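K.L.:
Per TrEMBL, the features are:
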- 17: site 'Transition state stabilizer' (SITE)
- 24: site 'Transition state stabilizer' (SITE)
- 159: site 'Positions MEP for the nucleophilic attack' (SITE)
- 215: site 'Positions MEP for the nucleophilic attack' (SITE)
Ligand code: CTP
Ligand code: MG
């Protein structure tokens with residue numbers, strides 16, 4: 001039995017919706033890059049054994065940051081076309097390069113979410129979910145279903161059981177690798193790890209997290225993240 005917890009940080013995206021010259025994970029917030037804030041969330045948590053940062057093959061910025069992490073169990077893997085390919089590359093790194101056990105607990109956390117609170121990470125790890133667990137927040141707005149791509153209301157969705165999926169998402173190394181491989185092979189679109197586990201018919205747990213754990217996606221999100229980090 002492995003008691004180790006490792007983290008994969010997919011950071012191989014180009015940040016198209018952010019519309020900045022450099023990828024959003026390398027934009028600065030209070031004097032540090034977004035990615036440095038994100039990595040720090042995990043390095044500062046006592047339960048985490050190590051971190052794999054997954055960067056693009058064309059990345060020009062990681063090499064500048066990497067020396068800072070020497071001797072701190074921060075490793076690098078090369079990402080792929082979609083986020084799921086990048087995550088899979090991180091999982092292979094843990095399995096093949098670091099030879100970690102299949103039951104190692106793996107967290108996957110977006111590089112673009114620098115505002116993760118230590119308490120949320122602790123709560124997620126405490127879930128000890130056999131088939132995975134994710135941080136999520138309950139939906140608070142009234143949710144309307146549109147109609148065949150038109151801007152017209154079909155009906156109001158029952159809000160009670162709707163959640164926003166956040167990261168980190170937690171699952172055993174072997175199970176998550178198998179789930180993502182099988183879902184990709186079947187041509188399923190994966191925007192998070194839980195969807196791969198769902199594809200296998202599993203039901204990962206929802207752990208309520210802080211809504212300030214936003215993903216920097218559009219230009220206005222950067223100022224919001226700066227505000228939350230300062231709090
Ligand atoms: N990501 C990745 N590999 C990809 C695509 C995305 O590692 N091929 C990472 C991003 O770097 C980000 C996280 O996955 O930290 C969440 O993805 P998203 O917010 O969509 O980031 P981007 O794909 O970079 O942004 P956009 O979709 O606007 O281009
Ligand atoms: Mg994307």
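Using N, Cα and C of the backbone, Cβ positions are placed for all residues, glycine too.
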K.L.:
Could you tally the C-beta atoms, other than its own, that fall within 10 angstroms of the C-beta of residue 159 (site 'Positions MEP for the nucleophilic attack')?
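P.N.:
For residue 159 (site 'Positions MEP for the nucleophilic attack'), the count of other Cβ atoms within 10 Å is 12.
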K.L.:
Going by DSSP, is residue 17 (site 'Transition state stabilizer') part of a helix, a strand, or coil?
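P.N.:
Reduced to three states, the DSSP call for residue 17 (site 'Transition state stabilizer') is helix.
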K.L.:
Which of these recorded sites is closest to residue 17 (site 'Transition state stabilizer') if you go by CA atoms: 24, 159, 215?
P.N.:
24
K.L.:
How long is the line from the C-alpha of residue 215 (site 'Positions MEP for the nucleophilic attack') to the C-alpha of residue 159 (site 'Positions MEP for the nucleophilic attack'), rounded to the nearest angstrom?
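P.N.:
Just about 22 Å between their Cα atoms.
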K.L.:
I'd like to know which of the recorded sites 17, 24 has the most other Cβ atoms within 10 Å of its Cβ.
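P.N.:
Neighbour-count leader: 24.
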K.L.:
Hey, does DSSP put residue 24 (site 'Transition state stabilizer') in a helix, a strand, or just coil?
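P.N.:
Its secondary structure by DSSP: helix.
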K.L.:
Name the secondary structure element type, per DSSP in three states, that contains residue 215 (site 'Positions MEP for the nucleophilic attack').
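P.N.:
DSSP call for residue 215 (site 'Positions MEP for the nucleophilic attack'): coil, neither helix nor strand.
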